[in-house]
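As written in Swiss-Prot, here are the features:
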- 147-162, 173-205: FAD binding site (BINDING)
- 64-167: domain 'FAD-binding FR-type' (DOMAIN)
- 29-49: transmembrane segment (TRANSMEM)
Amino acid sequence: MSGRVEVENIPGQVANLLKNVTAGDLLNVASSPAFLVAAAAIVIAAAFYSKVFNSTRPKPLDPSIWKEFPLQKKNQVSPNTAIYTFKLPHAEDVLGLPIGQHISVSADINGKNIVRSYTPISRQNARGRFELIIKTYEKGNISRHVASLKIGDTLRVKGPKGNFKYTPGLTAHLGMIAGGTGLAPMIQIVRAILQNPPDRTNITLIYANVNEEDILLRAELDALAMGYESRFNLFYVLNNPPSGWTGGVGFVTKEHIKDLLPNPNESNSKILICGPPPMVTAMKKNLEEIKYPVPNTISKLDDKVFVF
């Protein structure tokens with residue numbers, strides 16, 4: 001080998017110039033201080049431009065303006081529940097939803113504007129997309145509307161919303177009661193706590209469903225419970241358990257709450273509840289009977305018992 005750079009089909013003087021350039025010449029240029037300074041300047045300029053561009057670009061969410069997001073993917077995770085992936089305007093966008101808050105979803109159905117609230121289950125750093133896990137109910141206007149969407153159809157969204165915003169060290173022991181898709185705000189909080197080493201909050205989650213196949217995000221929940229067994233206690237309750245089931249059976253009871261969740265007299269603790277309305281009503285009654293404070297009609301961050 002001669003060490004000459006092979007050049008084909010380059011016209012005129014440029015070709016003649018490059019024919020006399022060796023690979024060694026190129027290496028010398030690439031290692032020269034001037035070249036390194038120029039390359040560094042280009043990298044810095046690109047980073048600066050990217051930062052300025054991203055900071056001036058509108059955020060995906062606005063609490064006062066409805067925005068449309070196209071459906072990118074649908075993944076059926078149980079007979080009546082699916083994970084819907086929606087596309088953000090730019091590939092580098094993150095949704096920017098504070099931990100514990102939710103979005104509003106709106107649709108015009110039968111001449112009426114219907115609004116419901118959902119907490120995305122996508123991770124905080126997910127770029128270019130967000131995910132909603134939604135159970136379709138026979139009489140659920142919004143859930144049936146979302147289920148009817150085809151890839152490319154848009155969903156009208158506004159946010160963030162909500163009175164709960166998790167910050168590290170909010171409380172020492174967090175007790176959670178979730179039913180079905182009510183897991184959504186809980187999994188966001190669980191992830192935020194366990195994946196932040198300085199946050200030493202202990203968590204107990206009672207998660208209720210009808211059938212075993214209805215347990216959502218089970219692989220992730222089980223992995224977190226195994227990986228953080230000293231800080232994350234996970235207890236499943238099933239209404240229709242399979243043979244050999246070792247978890248709770250039936251509904252979440254006062255006994256489950258007394259045995260697993262923080263004591264009502266434990267000062268540095270909170271109880272969070274999210275699930276279908278009948279379940280929430282039953283849990284409020286159970287908590288009241290074992291001397292937890294009665295939840296407010298509209299929960300606030302400093303409440304002992306917070307209902308999403």
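Every residue, even glycine, has its Cβ placed from backbone N, Cα and C.
A mean pLDDT of 95 is what the model gives for the domain 'FAD-binding FR-type' (64-167). In the structure as shown, the Cβ atom of Ala192 (FAD binding site) sits within 10 Å of 19 other Cβ atoms.
Secondary structure of the domain 'FAD-binding FR-type' (64-167), assigned with DSSP and counted as helix (H, G, I), strand (E, B) and coil, comes to 7 helix, 51 strand, 46 coil. All protein chains considered, the CB of Pro185 (FAD binding site) has 27 other CB atoms within 10 Å.
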